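For reference, the structure is listed below as structure tokens.
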Amino acid sequence: MAASSSLDHLSNRMKLEWHSKLNTEMVPSKNFRRTSIIGTIGPKTNSVEKINSLRTAGLNVVRMNFSHGSYQYHQSVIDNAREAAKTQVGRPLAIALDTKGPEIRTGNTPDDKDIPIKQGHELNITTDEQYATASDDKNMYLDYKNITKVISPGKLIYVDDGILSFEVLEVVDDKTIRVRCLNNGNISSRKGVNLPGTDVDLPALSEKDIADLKFGVRNKVDMVFASFIRRGSDIRHIREVLGEEGKEIQIIAKIENQQGVNNFDEILEETDGVMVARGDLGIEIPAPKVFIAQKMMIAKCNIKGKPVICATQMLESMTYNPRPTRAEVSDVANAVLDGADCVMLSGETAKGNYPNEAVKMMSETCLLAEVAIPHFNVFDELRNLAPRPTDTVESIAMAAVSASLELNAGAIVVLTTSGKTARYLSKYRPVCPIVMVTRNPAASRYSHLYRGVWPFLFPEKKPDFNVKVWQEDVDRRLKWGINHALKLGIINKGDNIVCVQGWRGGMGHTNTVRVVPAEENLGLAE
């Protein structure tokens with residue numbers, strides 16, 4: 001079987017038949033990865049040169065973790081990322097701000113010393129301020145004032161990612177809970193606390209989060225990864241804080257607790273996208289159930305046509321080792337097969353010894369995992385699940401993807417203002433790349449969230465429109481997009497290109513699909 005020529009034709013088979021035809025000699029027919037890669041920038045990668053090296057390896061989105069670092073440090077990341085983006089004109093690099101989120105922590109022990117505690121030991125957990133700096137094995141302070149109102153006997157309390165666990169015996173009064181320690185460990189200062197199975201009423205944003213979001217608005221970040229989202233109203237609150245100036249910033253809801261899973265449908269209605277944040281989620285719910293939650297959330301995002309990111313510990317061993325474990329590679333591949341639009345690296349690129357190698361490994365794994373996707377079947381299922389009647393833009397996107405599959409097209413080239421049409425095209429998961437051409441700088445960056453989309457920023461200003469000038473401008477942008485795709489090797493000369501455009505300028509008018517050949521001197525307007 002020819003390695004590259006057979007792939008596109010085989011992908012219309014049923015899933016089991018398609019998988020049975022795979023072999024290790026198969027390679028993608030084009031050097032095109034559909035899944036975007038998000039990388040956290042830390043001290044080891046915070047320079048223009050190192051960010052460019054990560055981009056060469058396959059990075060699409062720069063992430064800043066606001067649980068760590070000063071504003072001065074994060075400003076340097078933004079400045080370095082924007083300087084790095086200038087080296088590839090027209091190829092945008094997105095910037096994401098990951099909030100710390102509201103959290104519960106223990107108090108301080110005397111002199112911040114660890115205090116040993118034995119399994120079976122009973123003590124009080126208290127919100128009394130007198131113990132805020134005097135936590136010990138008799139009274140351990142928590143900074144969540146309402147804990148006595150929401151917790152009940154039999155519930156669990158995890159400290160320091162579950163290293164120390166307690167069972168609630170009794171709610172004594174409005175400040176005190178009697179608990180039993182479930183394992184040997186140490187009571188330490190300022191450790192994070194999880195309350196699995198308990199509906200907490202923490203605010204969506206802390207004061208620090210609000211200040212951080214305003215910093216992001218001032219610096220025109222492209223997306224916010226909002227931590228510990230529990231309900232749809234949390235997203236509305238974040239949107240209010242971002243305000244008019246931050247209206248183009250995409251809000252990605254991080255689902256990290258049982259409440260977020262339980263309220264996922266209402267969150268999905270409000271948010272621009274979702275992150276399956278498996279670290280804290282694996283503490284809040286039993287670890288064997290995390291993969292069920294992951295599959296559910298990714299599937300619902302795919303059906304809704306909203307981007308979804310899979311994150312946490314994906315190639316964690318590469319923080320210190322040059323090669324990942326086989327389980328980690330399978331984890332990345334399975335996230336791609338589940339339908340993730342993006343995968344994310346944290347410590348691997350922020351503090352790891354092998355950041356470039358980690359991005360390259362993730363890129364190669366995604367590229368090969370995409371070979372195993374039966375795209376025709378995925379398209380048919382998504383089309384059948386689409387609500388009826390669909391709006392015009394989604395109908396055109398559906399028709400364009402169908403045409404691209406039937407024609408074995410080299411690419412879909414879409415002209416868009418807001419990126420909405422590109423998002424709908426991405427929803428239906430074409431085999432070929434989606435070459436997005438836009439004049440909107442923000443859309444060109446945040447569209448990295450959409451699987452299969454290669455966004456390009458068109459450099460020419462919008463002309464004063466009449467019908468003739470508008471059509472010439474449309475053809476000029478299409479030709480520009482095709483030529484850039486040819487130069488980058490995304491498509492080949494002679495490929496069929498499905499072009500998607502509007503019938504007039506502005507947002508919301510996409511209604512035209514046409515097919516042209518990929519040629520450098522394409523007979524469109526100059």
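Using the three backbone atoms N, Cα and C, a Cβ is placed for every residue, glycine included.
Quick look at what Swiss-Prot lists:
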| type | residues | note |
| --- | --- | --- |
| BINDING | R63, G279, D280, T312 | substrate binding site |
| BINDING | N65, F66, S67, H68, R105, K191 | ATP binding site |
| BINDING | N65, S67, D98, T99 | K(+) binding site |
| SITE | K254 | site 'Transition state stabilizer' |
| BINDING | E256, D280 | Mg(2+) binding site |
Sort out for me which one of R63, H68, K191, G279, T312 has the most neighbouring CB atoms within 10 A, since those are the binding-site residues we care about. R63
Nearest by CA distance to S67 (ATP binding site): which of the binding-site residues is it, out of T99, G279, D280? T99
Quick note, E256 (Mg(2+) binding site): same-chain residues at least 6 apart with CB under 8 Å of its CB -> G101, S227, F228, I229, A277, G279, D280, L281, E284
Rounded Cα separation (Å) that holds between R105 (ATP binding site) and K254 (site 'Transition state stabilizer'): 20
Which of these recorded positions has the least crowded Cβ, counting other Cβ atoms within 10 Å: R105, K254? R105
Work through the binding-site residues one by one (N65, S67, T99) and point out the residue whose CB has the fewest other CB atoms within 10 angstroms. S67
Collapsed DSSP category at R105 (ATP binding site): strand
Rounded Cα distance, in Å, between D98 (K(+) binding site) and T312 (substrate binding site) is 13
Taking the residues R63, G279, D280, T312 listed for substrate, what is the greatest CA to CA distance in Å, to the nearest whole number? 18
